[in-house]
Amino acid sequence: MKSLALALLVGGAIAAGPQQQVLQAPVDNPDVAEPPLQTIADTFDHLRGQATNLWNDVIDKVPNIMDTITHTPPPKKFNRRPDSEWNHIVRGAEIQAVWVEGDDGEKHRKVGGKLEAYDLRVKAVDPKALGVDTVRQYSGYLDDNENDKHLFYWFFESRNDPENDPVVLWLNGGPGCSSLTGLFLELGPSSITEDLKVNYNPYSWNANASVIFLDQPVNVGYSYSGGSVSDTNAAGKDVYALLTLFFEQFPEYAKQDFHIAGESYAGHYIPVFASEIMAHKERNINLKSILIGNGLTDPLTQYPLYRPMACGEGGYPAVLDQASCQSMDNALPRCLSMIEACYSSESAWTCVPASIYCNNAIIGPYQRTGRNPYDVRTDCEGGNLCYTQLGDISKYLNQAEVMKALGAEVSTYDSCNMDINRNFLFRGDWMKPFHRLVPGLIAEMPVLLYAGDADFICNWLGNKAWAEALEYPGHAKFAAAEMKNLTIVDNKSKGKVIGQVKSAGNFTFMRLYGGGHMVPLDQPEASLEFMNRWLKGEWSAKSSS
């Protein structure tokens, strides 16, 4: 789920401004630890030329924008639980100190990466305490003690054959939305009713896989920190550390195939996280594939498809009138020139204006209709994120008995943190070209892009377009492949058409009929069908050879 409220709020500043060419501005150093939003304020005085004009235009039309950019929210209140309350504590420094002898007779570290600052706390969750599922469960925190970061996770074993079934890491997007949303709203073992009871989900993805739900980056959901993470690359190192320590504690899961799946802004996260894992030759993470659902990964290719989706060319009736559709067409050239500048420099000074302008001018007309940006068939209900169920989930997870059962240490749970969303936006992360990492991953493993076809915000047209435009050695074969019917093959609905699939080698695209931004919510049977078959390797270079 993507949170667009902040970008749309400030977007009018430059959408209403005169046409300008965006020039490359000072490049921020991603290795600098200084908070990125403060860096923008400090460096603003040094901008020159048209870049200055662009930011002056923002400030002129939204006078308090620099206060918004530099606002630092207070850290979450928390109560650190004593070590005696945890069943296991895994010390990264101890793991990093382990050396083994390789086949060549040379000694090397058992696992790579900088782990000395990390610990993993593990709590065995009593299944009877909450009744979410009867399977074995673990929850806890990855602690980065050096940087005061604490990431919360919740693990569920497979309902089927946990000794042999694969392990899946699930990531929601935002940026800044809790993966416990995915757990209780989409693909987890239970949903939450209006009276805050758990309701068994027969289509949970842990039907045939063990699943880890991770609240990341810090200050999302039950996670917390005195600082912040504001770009995808920094978050990737935390995820690698968590998985490494988790599989060290539970080697029985480390031997299984491992997959990363997620939706929305996870289209940014997953290519980075998978690349971070594969960058370590010595690892205990058996990564076999990645899955991105209704993701944002290649904005330059995806943004031109917002107008067709909103204006009746995506398989559903038009949401916008002709004048609004024309305004999107008129704004697109400037939007694309800004994204191109962002792709060229990958600097906040070009990527931030692109995000603000394009989100207002290209996405804003739809957002202002009051329709659900995650499902073109419905109106928006229940606040900015449009789903009343999110309120029920938050109430459930804010109960003291739930927090105690899981070992949660924060005082409050929120489904989405808009401060995180703002931080990523003003770091320039939103528009960056993370699709450039995908060719390297396709060379190593199967990659799936799936898209519910009723979603507007990360619509199937845009995802299909960037899949077909991606330059990699198998591009020609994938581009030439036909879209074929995707049908249910192994249950009482056998033969039912649930979408279309296009696959060549290790790259696959799926369109899921009747699914919105969150396919497992709208089409639970279809989502479990394709997930089970994907985990069995049905669409891969090996299966097609």
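From the backbone N, Cα and C atoms, a Cβ is placed for every residue, glycine too.
Annotation source Swiss-Prot lists active site at SER264, ASP455, HIS517, citing sequence analysis. Residues annotated as disulfide bond in Swiss-Prot, with similarity to another entry given as evidence: CYS177-CYS416, CYS311-CYS325, CYS335-CYS358, CYS342-CYS351, CYS380-CYS386. Annotated N-linked glycosylation site per Swiss-Prot: ASN208, ASN485, ASN491, ASN506, in sequence order, evidence recorded as sequence analysis. The signal peptide annotation in Swiss-Prot covers 1-17 and is backed by sequence analysis.
For CYS335 (disulfide bond), the same-chain residues 6+ apart in sequence whose C-beta sits under 8 angstroms from its C-beta are TYR303, ALA354, TYR357, CYS358, ALA361, ILE362.
Annotation for the disulfide-bonded residues CYS177, CYS380: lowest Cβ count within 10 Å of the residue's own Cβ, CYS380. In the three-state DSSP scheme, CYS342 (disulfide bond) is classed as helix. Here the CA atom of ASP455 (active site) lies 5 Å from the CA atom of HIS517 (active site).
CYS358 (disulfide bond) is surrounded by 28 other CB atoms, counting those within 10 A of its CB over all protein chains shown. Sequence-distant neighbours of ASP455 (active site) (same chain, six or more apart, CB under 8 Å from its CB) are ASN294, TYR374, ASP375, VAL376, GLY515, GLY516, HIS517, listed in sequence order. Sparsest Cβ environment among the recorded positions ASN208, SER264, ASN506 (other Cβ atoms counted within 10 Å): ASN208.
Annotation note: SER264 (active site) sits in a strand segment as assigned by DSSP. Around ASN491 (N-linked glycosylation site), the same-chain residues at least 6 positions away in sequence with a Cβ under 8 Å from its Cβ are GLU525, GLU529.
With CYS177 (disulfide bond) as the anchor, the candidate recorded positions are SER264, CYS325, CYS386, and the one with the nearest CA is SER264.
Here the C-alpha separation of CYS351 (disulfide bond) and CYS386 (disulfide bond) works out to 27 Å. Comparing Cα positions, CYS416 (disulfide bond) lies closest to SER264 out of the recorded positions SER264, CYS325, ASN485, ASN506. Residue environment of CYS386 (disulfide bond) contains 20 other Cβ atoms, counted within 10 Å of its Cβ in all protein chains.
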